[in-house]
Amino acid sequence: MAPTLATAHRRRWWMACTAVLENLLFSAVLLGWGSLLIMLKSEGFYSYLCTEPENVTNGTVGGTAEPGHEEVSWMNGWLSCQAQDEMLNLAFTVGSFLLSAITLPLGIVMDKYGPRKLRLLGSACFAVSCLLIAYGASKPNALSVLIFIALALNGFGGMCMTFTSLTLPNMFGDLRSTFIALMIGSYASSAVTFPGIKLIYDAGVSFIVVLVVWAGCSGLVFLNCFFNWPLEPFPGPEDMDYSVKIKFSWLGFDHKITGKQFYKQVTTVGRRLSVGSSMRSAKEQVALQEGHKLCLSTVDLEVKCQPDAAVAPSFMHSVFSPILLLSLVTMCVTQLRLIFYMGAMNNILKFLVSGDQKTVGLYTSIFGVLQLLCLLTAPVIGYIMDWRLKECEDASEEPEEKDANQGEKKKKKRDRQIQKITNAMRAFAFTNLLLVGFGVTCLIPNLPLQILSFILHTIVRGFIHSAVGGLYAAVYPSTQFGSLTGLQSLISALFALLQQPLFLAMMGPLQGDPLWVNVGLLLLSLLGFCLPLYLICYRRQLERQLQQRQEDDKLFLKINGSSNQEAFV
């Protein structure tokens, strides 16, 4: 039996804490591809694509034939070669594509039906993916193709859990961007999961046993969702103020309630307690003819409940807004830069160390451990996105009816919308500076310096998703958050498919040297500064509009003696 929204709100801290842990262990684990790749090679996936040259024996590691022949090596008794790398990288491309692209239909479904069913489906798909990899490892020569299906289900299931967890911050009010960043930080840190599994694997535990146990743990996610997540979507702070201490059962609708339903119910009750219908209807007609709002309490509730259609932009209007379009450019460039590095990291390291597999394995483990930085760094962007918003909220909550002299002496407060845009501009500018720094370190063929590249890669990956999520939550209606985030993820995932031809170009014509690919990606990453530059211009536009409104209010006050333009006389 699914709990009510009121029950879910009481359990919000438990749900948030478990969601962070579940994201860490079961969401975007494919981001730890470097460690999984080593284990798949050691288990013989697509090893049959490699042919052993005559001058290579079983004891040779990294042995090469004559210059005209392909380089091969042995890993745990299985052959490893370039053809195997290309096929497994293609499987990673498919899985990482679904990890992002599936968010559009997920967002549409979640906005309409809520996160519960999607989270149940995601945990089940993740468990099936683990079992498929384990089954493929039992007969790799015949069942290697299962890795494509398994990684596809892994990406789909992981994104279901990640995406549904992004609705939980709606229950935390002004801290919503911070909690979104925390969820995204745990999602980004899930890249540490496969390095952790690799440590268990290196300790001698069977690969199949590890995956079966992991699939069983995914069942716990299913049970947690079944008993704690409600059927209805979580209403945003603008739709429901959870801080109001009221028992919904007093009003008779504790079972299913959203912000709009609450106001509708209160309006209905208000009508019954109001003045006679004949008196109210006459005033309504006069007000509608003259274009004014009514001050009657019951009608005022209804009037204030209806402007959502006028205030909230349509979905298509949001899609073609400059902020969304420029955020797509930023995400496409950043996603391609990050995904290419994750997919090609082992080969890049192998090029730097001339094929030393032990050193490659060591640096891959270091990269995996550093993914935990996302849990610490991602909330920083969320904090930047929430910077001083509480002061703006306090300003809007002050009583409106004050003397003119008191109004002039009152301390000037920040405009909430302008503060949101300012925070987003700072977040994206800082993130893109780090992305450019990451591109510069990738150009330097120095092995110890790659640790700095690992750190910058991890920080940027956590920052960019947190910044985009916080921007969408701040600028667009909560009912469009899932669809817009899904659209952004789909387009950036399609663009990130270019990482496969870039990988083939690096391994083929460039003979494993990533220099020119990194140069091109560095130049492309400069496009990410378009969004913060536009946000600067947009902020100035909002400031001019605010100044004009303030001047109009002063003029109205001077003429009428009151700043209330909604009074009906």
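Every residue gets a Cβ built from N, Cα and C, even glycine.
Swiss-Prot has this to say about the protein:
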- ASN55: N-linked glycosylation site (CARBOHYD)
- ASN58: N-linked glycosylation site (CARBOHYD)
- ASN560: N-linked glycosylation site (CARBOHYD)
- SER274: phosphoserine (MOD_RES)
- SER278: phosphoserine (MOD_RES)
- SER297: phosphoserine (MOD_RES)
- 395-416: region 'Disordered' (REGION)
- 20-40: transmembrane segment (TRANSMEM)
- 90-110: transmembrane segment (TRANSMEM)
- 120-140: transmembrane segment (TRANSMEM)
- 143-163: transmembrane segment (TRANSMEM)
- 177-197: transmembrane segment (TRANSMEM)
- 203-223: transmembrane segment (TRANSMEM)
- 323-345: transmembrane segment (TRANSMEM)
- 365-385: transmembrane segment (TRANSMEM)
- 435-455: transmembrane segment (TRANSMEM)
- 462-482: transmembrane segment (TRANSMEM)
- 490-510: transmembrane segment (TRANSMEM)
- 516-536: transmembrane segment (TRANSMEM)
Thinking of Cβ pairs under 8 Å, which stretch from 143-163, 323-345, 365-385, 462-482 has the most of them with the transmembrane segment (516-536)?
323-345
Count, for each of 90-110, 120-140, 177-197, 365-385, 490-510, the Cβ pairs lying under 8 Å from the transmembrane segment (435-455), and report the range with the highest count.
365-385
Please report, as numbers and ranges, the same-chain residues at least 6 past the borders of the transmembrane segment (177-197) whose CB is under 8 Å from any CB of it.
16, 19-21, 23-29, 31-36, 39, 158, 162, 165-166, 168-169, 210, 214, 342, 364-365, 367-369, 371-383, 385-386, 458, 461-462, 465-466, 469-470, 473-474
Per the definition of 3+ C-beta pairs under 8 A with sequence separation of 6 or more, do the transmembrane segment (90-110) and the transmembrane segment (120-140) touch?
no
Candidate ranges 20-40, 120-140, 143-163, 323-345, 490-510 - greatest C-beta contact count to the transmembrane segment (365-385) (under 8 angstroms):
20-40
Please give the sequence-distant neighbours of the transmembrane segment (143-163): residues at least 6 beyond its ends with Cβ less than 8 Å from one of its Cβ atoms.
22-23, 26-30, 40, 44-46, 48, 88, 91-92, 94-100, 102-103, 106-107, 110, 115, 118-119, 121-130, 132-133, 135-136, 183, 187, 190, 221, 482, 485-486
For the transmembrane segment (490-510), find every same-chain residue at least 6 residues outside the stretch whose CB is under 8 Å from a CB in it, and list them.
82, 85-86, 89-90, 93, 96-101, 103-104, 328, 331-332, 334-336, 339-340, 343-344, 347, 516-517
